[in-house]
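According to TrEMBL, the features are:
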- A:36-141: domain 'HPt' (DOMAIN)
- A:His77: phosphohistidine (MOD_RES)
Amino acid sequence: MEVDQLQRSFLEYTNSLFRFLDGQFGQLQLLQDESNPEFVFEVVSLFFEDSERILNDLTLALDQQNVDFKKIDAHVHQFKGSSSSIGAQRVRNACIAFRNFCEGQNVEACRRCLQQVKQEYLLVKTKLEALLRLEQQILAAGGVIPMLDS
Amino acid sequence: MVAPSSFGNKEDHQIVGCLHMGHLHLPTTHTNCHNNGKMVIGSSKKVVANQLDEEKRVCALVVDDDPLVRKLHQMFLNRQGLDADVAENGKEAVDLFASGMNYDLVLMDMEMPVMDGPKATRELRAMGVTSMIVGVTGRGVEADKAAFMAAGLDDCIDKPLNGGAIIAMLDELAKKVL
């Protein structure tokens, strides 16, 4: 495929992600340059690892006989922080809602929140993976990843 | 030595302020700082040979329990020519200073396990640490932010950080030191 075409696809796809990724993601892309060519990939990979660990911890915590809401709140807070640092706004919003239910100490409601957060995470994960694949295709075809207007 | 007249626009002057600060004899020992040999300046992406003495390089400490956030903040700082060490919680940060490390700038997360931001800030100030400490908070309760400031912060900013916030912080740091 032509580099031009790939770059256009990349820009179109990035623009279509505005509901899932806010301006913060653009900030990350700005940090990528010749001396840090893999930066976005590294940060996104870290986000996946981080998220999966937190989601596992949350699942376990909500499965306990005596649910430790303080612990759950701490996990959700961390997830809120990392998702907002990468620009995953829907995940962040789901975390905010989750924390509200934590305060209410309602196990069932929290389990529903966890499902919601998981769903949003999987959605953004799919989008990010597709974006990274497009980046790889552009690089493999000898092109450069186009910069976006922040 | 980098001459101010070689920079064209205002944004570069802000970074020059930081470079000049780097030339001053700061009362710190940066035993952990690496002399990378390069300094990238803001959006103009000029690469300037790092002629600063290792002793005088501006050093920062990123304190946050989330590895993603640590990496990100470290990168934002590196991009402005600062070396940045990391700590996972307030206690690690306090231990670093207690062991003789010193930093010009500390980015302190508010909520952390083991020892949170406000407690760590109080301890650092009680130890006589005069570094610039900037609290980093998730958008939230104003009262919490006020309490954090009262612990001894120089400033408090919202997560997530971006390039502009870092530059503004460095301007403040330059004013503090000059």
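Backbone N, Cα and C atoms are what each Cβ position is placed from, and that goes for glycine too.
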Counted with DSSP (H/G/I as helix, E/B as strand, rest coil), the domain 'HPt' (A:36-141) has 93 helix, 2 strand, 11 coil
All chains considered, the count of other Cβ atoms within 10 Å of the Cβ of the residue listed as 'phosphohistidine' is 20
Model confidence over the domain 'HPt' (A:36-141), as mean pLDDT, sits at 93
